[in-house]
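> As annotated by TrEMBL, substrate binding site applies to Arg10, His11, Gly12, Glu13, Thr14, Arg15, Tyr16, Asn17, Arg61, Glu89, Arg90, Lys91, Tyr92. Under the heading active site, tele-phosphohistidine intermediate, TrEMBL lists His11. As annotated by TrEMBL, active site, proton donor/acceptor applies to Glu89.
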Amino acid sequence: MVRFGLTVVRHGETRYNKDKILQGQGIDEPLSPTGFRQADAAGLFLSNVKFTHVFSSDLLRAKQTAATIIEKNKFCKGLEIKCDTRLRERKYGVAEGRPLTDLKAMAKAAGQQCPTFTPSGGETLDEVRERARDFFEFLCQLAAEVGQIREKKDQEMHGAANRSSGTYEEESAFPWTDHCGVHEFSSDNDGTSKLLLDANILVVSHGAYMRNWVGYFVSDLKCTLPANLTKAQLSSVSPNTGVSHFIIKLENRSMLKPEVICVCLNQDSHLVDVGAECVASKMF
């Protein structure tokens, strides 16, 4: 079995977020000073997590957030950040650069509601979900290949028995173990909880995209959710630099039926000391 961790972070705040203006793909704003502080806080929160791969949307706000997080990491400062267009925000067409209220007015005039309404030139929710599905399948293939390489090396060095015990798999410390089932973790003598993984992947993306990705996990892959997660929390957009974490299991390295376990969704406890101004707009 292949098992990998997937940590998904929304980018930090931009001035357009603060002013409730849609950015989509056509507005490539940098982080605001608040956004950089949020990214610093997320980086400190994740500083003890040993990532093996980092992916980011190619839009500036996501790239700056990813770079800041990795710079704060104790293990991954030299790790390459790979940009992927499949991680871009939902395209809003004619609504990009306009206030969120304009999008809601367009939807009302069309007899529809946000977020299902698609403005002219924009992406449908199905199109966004297809991008997310395609990228996730790519990650599964990547993790399966890493697991296969490690299994081969282990057999050459120690014999196949060690693979089944999981003793060679990479250990990574997690800051959110209070949200997890204890059966997923082992503990060191110092009380630090660790999870044995084949790969541990960080992804930095965007609010509407991430909500659609989670929707794909829940509706298509029957993702296991935290017991205390409400429907409102499940359908909401992540705050800026909100952190979601998942454990993915692939039986026999097969990508046909991945098992997805949501450890936490849109966690923002790291923003408590950043200041009230960092409470993010929940944009469509």
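Note that Cβ sites are derived from N, Cα and C of the backbone, with glycine treated the same way.
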> Cα of Arg10 (substrate binding site) to Cα of Glu89 (active site, proton donor/acceptor): how many Å, rounded?
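Just about 10 Å between their Cα atoms.
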> Can you grab the distance from Arg61 (substrate binding site) over to His11 (active site, tele-phosphohistidine intermediate)? Cα atoms, rounded to a whole Å.
6
> Across all protein chains in the structure, which of the binding-site residues Tyr16, Tyr92 has the highest Cβ count within 10 Å?
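The most densely surrounded of these binding-site residues is Tyr92.
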> State the Cα to Cα distance, in Å, between Gly12 (substrate binding site) and Glu89 (active site, proton donor/acceptor), rounded to an integer.
13
> Compile a sequence-ordered list of residues in the same chain as Arg90 (substrate binding site), six or more apart from it, whose Cβ lies below 8 A from its Cβ; state 'none' when nothing qualifies.
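For Arg90 (substrate binding site), the qualifying residues are Gly24, Gln25, Gly122, Glu123, Leu125, Val128, His206, Ala208, Tyr209, Asn212.
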> Could you round the CA separation between Tyr16 (substrate binding site) and Glu89 (active site, proton donor/acceptor) to a whole angstrom and send it over?
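Distance (Cα to Cα, whole Å): 14 Å.
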> Which is it, of Arg10, Glu89: the one of these recorded positions whose Cβ has the most other Cβ atoms within 10 Å?
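The most densely surrounded of these recorded positions is Arg10.
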> Counting Cβ neighbours within 10 Å across all chains shown, tell me which of the recorded positions His11, Arg61 comes out on top.
His11
> Return only the integer: C-alpha distance in Å from Thr14 (substrate binding site) to the residue listed as 'active site, proton donor/acceptor'.
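Counting only the Cα atoms, the answer is 14 Å.
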> 10 Å Cβ neighbour count around Thr14 (substrate binding site)?
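Result for Thr14 (substrate binding site): 23 neighbouring Cβ atoms inside 10 Å.
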> Count the other Cβ atoms sitting within 10 Å of the Cβ of Gly12 (substrate binding site), across every protein chain shown.
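Excluding its own Cβ, Gly12 (substrate binding site) sees 31 Cβ atoms within 10 Å.
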> Measuring Cα to Cα, how many angstrom lie between Tyr92 (substrate binding site) and the residue listed as 'active site, tele-phosphohistidine intermediate'?
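Taking the Cα atoms only, Tyr92 (substrate binding site) lies 18 Å from the residue listed as 'active site, tele-phosphohistidine intermediate'.
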